[in-house]
Amino acid sequence: MKIIQVILKFIIIFIIPSIHAQECKLEFKTEKIHVNGVTYDQKVGDPITPIADAIKADNLEEVKKILDEGYGVNQPCLGWVPLDYAISNNNIKIADFLLKRDASMSLIHINIGFMKSEIAEFLINQGMSPNLRYEDGITGMMLAAERNNPDLIKLLLKLGVNPNVQNSKTGMTSLMYAASYLNVEVVRVLLEQGVDPNIKDFKGKRALNWIAVDANRKLHASDGEYYAALFLAPFETKQKIIKERNSIKTRNKEKEKEIKKLFNSHR
């Protein structure tokens, strides 16, 4: 009997997790991708495992089953842990379950700036810092400003996050990111909250000087670090996106005008 128990324990601890690990793969699907105001049909790769499928299907019972079979609650698949899938799907119920099963928030791969406000608020209430700074010097609020996520901006402001914090490498503020990408509503929210528009980045530029800089500039292959569509795209598609984007000569002058008006009204 003891031999059987030892064998079963060995299978649960070593064999099943190994099988699950082998199931980790990159699944490609076609999505609408937005790069600097242009929309593309692009194949996007997502790390896929059985637990990821269960989370996407909102199947809590299947998630429980997979974990009970020995899949690690913090086991990564191409950098993603199960909690990342719950965050990506804005699934508070499963995120809560994973945390109760000892999922570590320190292993979260997704920048808070990519999160929807609901899941971000839940995680912050569970102890995640709203002031996280990432390797490129950017904060969650800066990325939310770049990605045009006013709801998350409002949440972070409500929680006391300082909107005047600067990127530790470039000196840019959240207001500069919002102005650079012509995100009118984010600019409005930040200015109404009393953000300082006169802060200078490390090259001496104020937020007013950043209006439409990224929205209008030409793309380069190195931008793959910042644009998910370029980062995930095959080489030929990457070149196609860059070529098409750089051939566009029109500017969104209405948004530029609206943002300048907002700056003038908050001097």
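Keep in mind that glycine also has a Cβ here, set from the backbone N, Cα and C atoms.
Pulled from Swiss-Prot, these are the features on record:
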- 238-265: coiled coil (COILED)
- 46-75: repeat 'ANK 1' (REPEAT)
- 78-107: repeat 'ANK 2' (REPEAT)
- 136-165: repeat 'ANK 3' (REPEAT)
- 170-199: repeat 'ANK 4' (REPEAT)
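Under DSSP, the residues of the repeat 'ANK 1' (46-75) split into helix, strand and coil as follows: 16 helix, 3 strand, 11 coil. For the repeat 'ANK 3' (136-165), the list of distant contacts is 111-117, 120-121, 124, 130, 172-175, 177-178, 180-181, 183, 185-186, 189-190, 193, 195-196, 199, 214, 225: same-chain residues at least six beyond its ends, Cβ to Cβ under 8 Å. On the 0 to 100 pLDDT scale, the repeat 'ANK 2' (78-107) averages 94 in this prediction.
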